[in-house]
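Asker: Quick one: the structure is below, and I'll ask about it shortly.
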There are 2 protein chains.
Amino acid sequence: MALIVQKFGGTSVGTVERIEQVAEKVKKFREGGDDIVVVVSAMSGETNRLIGLATQISDQPVPRELDVMVSTGEQVTIALLAMALIKRGVPAVSYTGNQVRILTDSAHNKARILQIDDQKLRADLKAGRVVVVAGFQGVDEHGNITTLGRGGSDTTGVALAAALKADECQIYTDVDGVYTTDPRVVPKAQRLDKITFEEMLEMASLGSKVLQIRSVEFAGKYNVPLRVLHSFQEGPGTLITIDEEESMEQPIISGIAFNRDEAKLTIRGVPDTPGVAFKILGPISAANIEVDMIVQNVAHDNTTDFTFTVHRNDYKNALQVLEQTAREISAREVIGDENIAKVSIVGVGMRSHAGVASRMFEALAKETINIQMISTSEIKVSVVIEEKYLELAVRALHTAFELDAPARQGE
Amino acid sequence: MALIVQKFGGTSVGTVERIEQVAEKVKKFREGGDDIVVVVSAMSGETNRLIGLATQISDQPVPRELDVMVSTGEQVTIALLAMALIKRGVPAVSYTGNQVRILTDSAHNKARILQIDDQKLRADLKAGRVVVVAGFQGVDEHGNITTLGRGGSDTTGVALAAALKADECQIYTDVDGVYTTDPRVVPKAQRLDKITFEEMLEMASLGSKVLQIRSVEFAGKYNVPLRVLHSFQEGPGTLITIDEEESMEQPIISGIAFNRDEAKLTIRGVPDTPGVAFKILGPISAANIEVDMIVQNVAHDNTTDFTFTVHRNDYKNALQVLEQTAREISAREVIGDENIAKVSIVGVGMRSHAGVASRMFEALAKETINIQMISTSEIKVSVVIEEKYLELAVRALHTAFELDAPARQGE
């Protein structure tokens with residue numbers, strides 16, 4: 001008999017019919033003998049409806065009051081799901097973040113969980129009840145309602161699993177697991193049975209939108225086995241866990257991640273003096289623009305070129321800031337490019353295998369794809385290429401690292 | 001500087017625009033130097049929307065979970081009103097029933113308030129904040145969310161006023177006060193400046209829907225001065241208070257109440273033996289039918305006639321029960337009549353004035369209106385008449401007891 005925390009997002013509970021389907025699923029697990037804690041989001045669209053009401057009053061609603069309002073979204077869902085379970089003869093009880101008590105700090109709209117009181121939940125589970133908890137919300141030490149910010153329901157699920165020392169935290173989504181890459185780009189992409197927290201973090205931060213980064217970090221920190229599953233299809237999903245046994249069969253690369261959300265800026269002919277990187281990035285940071293990749297090559301002729309990427313939405317803004325900086329530090333010119341894409345190979349296996357990067361570059365070279373920037377971490381190699389080559393690059397790397405699914409019978 | 005509790009119902013906060021208007025009104029009072037606690041209902045339609053969701057899952061939703069859900073209605077309104085106040089530079093803070101802490105019993109969907117913690121509220125008022133409290137809801141000793149049942153927001157207002165020893169509890173509605181009778185029936189009906197709790201209770205129970213009976217009882221019990229006002233029109237409204245000074249000018253009758261909601265049943269030729277009233281009304285009560293007026297005349301020929309009224313919705317059901325009883329106790333016949341109306345004169349003044357009833361009967365006789373049943377209490381005389389004479393009767397009584405407004409200039 002296992003203790004499982006199951007989290008269902010807004011789409012999975014988007015209608016009364018879907019809530020009934022979720023109740024059926026929970027019932028099956030319960031009948032299988034597992035203890036179940038369910039975490040749910042607001043019905044899809046509800047949070048936006050509530051924020052819409054608030055912004056009719058003020059463009060910048062008071063954060064404390066916005067939390068009072070927005071937290072009602074999940075409160076409705078927990079009640080509906082508990083009703084649907086009880087209707088099916090499954091004893092159930094719902095709790096808001098405040099009722100559990102999920103203690104957070106007082107940073108309204110983006111609070112962090114400090115502590116979870118597991119007493120009530122344990123008593124309910126012992127009494128055979130399914131506990132339905134509102135995701136995304138908590139309460140601060142003064143009794144004020146707080147929310148964890150968008151996507152915070154995943155974090156609630158993981159935090160509850162950690163507090164209860166659950167055997168597994170299952171995140172139900174609209175995909176049946178984590179894939180080697182986006183199946184829309186590479187039809188031969190395969191569902192991964194397992195992936196490590198580190199890999200998942202890299203995949204998530206690179207555009208695989210399956211899980212919230214924060215919940216993966218949290219799960220990794222507290223070593224909560226996390227499983228991504230499809231809400232309404234059967235299947236084992238993908239288990240995200242620590243990298244316990246490094247087996248011989250472990251693939252070098254787990255997946256190919258990519259995104260088209262970035263733009264590249266280069267400032268050329270920068271006098272190569274100490275502190276120049278700060279002079280360039282300081283104003284960017286001051287303008288609240290986040291920088292992703294940064295590349296600076298060795299100088300020659302006492303000048304250097306400095307290149308970095310920002311989110312495409314910040315591109316125009318960043319360009320202006322950088323042109324101002326260029327004048328101030330007497331750089332030669334500023335050039336920018338919005339038509340880029342970032343492609344990364346991710347895998348804990350590359351730690352113990354040399355030559356992964358060169359195999360990547362070779363695969364791209366074969367397709368005559370020019371590499372504009374390179375950046376590496378312990379379990380990832382990222383390159384920036386021209387955007388139009390993105391699909392070609394991903395498919396080439398998917399094949400080169402032997403991730404393609406074997407052709408099925410009849411294909 | 002007074003401490004005022006102001007309650008705004010669902011229609012008064014039905015749209016964001018109206019919430020802004022309420023904020024304007026509250027702001028004016030605050031600027032006048034008063035301390036303000038505002039109690040609000042859910043935006044009109046919201047409670048029904050939520051119940052609609054619940055009944056999609058179950059015809060009889062679990063009461064505990066229904067409260068979790070329905071209580072979100074007011075939670076949205078308190079946040080919006082607090083935002084609207086803060087936008088206007090009025091410091092404000094919102095509290096749910098649980099946050100205040102409005103402690104109730106555990107009778108979900110119809111809970112009763114046991115105790116109100118006034119500590120937080122007093123601290124906020126002292127700090128110059130307007131406190132916005134969710135009506136209609138509380139929390140039981142186990143931390144479960146409860147609701148007081150429909151119309152419970154009035155009760156929340158009165159209970160808060162009592163706990164805080166407020167100078168006045170103002171109930172904002174869609175009428176500008178309590179009238180001598182329904183102005184749609186009698187155009188010369190006048191707004192009352194003052195009315196006693198007892199009179200208001202009689203008026204309310206007889207169909208004047210201005211205030212919830214429970215909140216008037218509550219206000220009377222704790223002697224909270226209650227004022228009925230129009231949400232969006234200026235005016236003094238009607239003050240409901242204890243009958244402190246019985247002045248000479250006090251009218252004998254404060255108002256004429258009426259309703260068409262009842263039906264009359266008579267069982268004739270009942271053997272006049274002890275316990276017969278119980279034999280007749282016992283089965284009616286067992287069928288969950290509430291009885292209003294009961295009249296039994298003196299017997300002759302050892303049989304008697306027994307008449308009572310029930311809500312018109314219960315008429316058919318009551319008729320069936322009564323026919324069964326008639327067979328069992330060998331009564332002669334059962335007759336019923338749905339086309340009746342009840343008209344009552346109400347006034348604490350009648351306590352000290354003889355002849356009020358005869359003046360009433362005289363006025364009806366003049367219009368040749370036949371009286372079918374009579375029932376009296378210390379401050380009320382009610383008669384049942386044929387429904388078609390209702391308007392005529394009300395107008396005749398309104399004139400006979402000198403309640404008509406003087407003709408205005410130019411009329």
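Heads up, residue numbers simply count up from 1 along the chain you see.
Yeah, the Cβs are placed from backbone N, Cα and C, and that goes for glycine too.
All TrEMBL annotations are machine predictions without curation.
Not my notes, these are from TrEMBL:
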- B:LYS7, B:PHE8, B:GLY9, B:GLY10, B:THR173, B:ASP174, B:TYR179, B:ARG184, B:LYS209, B:VAL210: ATP binding site (BINDING)
- B:THR47, B:GLU74: substrate binding site (BINDING)
- B:265-339: domain 'ACT' (DOMAIN)
- B:345-411: domain 'ACT' (DOMAIN)
Asker: Quick one: what's DSSP say for B:GLU74 (substrate binding site), helix, strand or coil?
Answerer: helix
Asker: Provide, as an integer number of angstrom, the distance between the C-alpha atoms of B:GLU74 (substrate binding site) and B:TYR179 (ATP binding site).
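Answerer: With the alpha carbons as reference points, the distance is 29 Å.
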Asker: In the predicted model, what is the mean pLDDT computed over the domain 'ACT' (B:265-339)?
Answerer: 90
Asker: Tell me whether B:GLY9 (ATP binding site) sits in a helix, a strand or coil according to DSSP.
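Answerer: Its secondary structure by DSSP: coil.
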Asker: Whole-number Å only: compute the distance from the Cα of B:LYS7 (ATP binding site) to the Cα of B:THR47 (substrate binding site).
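Answerer: A Cα-Cα distance of 17 Å.
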Asker: Which one is closest to B:THR47 (substrate binding site) in space, judged by CA to CA distance, out of the binding-site residues B:GLY9, B:THR173, B:TYR179?
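Answerer: Answer for the nearest of the binding-site residues: B:GLY9.
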Asker: Can you name the residues of this chain that are 6 or more positions from B:THR173 (ATP binding site) yet have a C-beta less than 8 Å from its C-beta?
Answerer: B:GLY9, B:SER12, B:VAL210, B:LEU211, B:VAL228, B:LEU229, B:HIS230, B:SER231
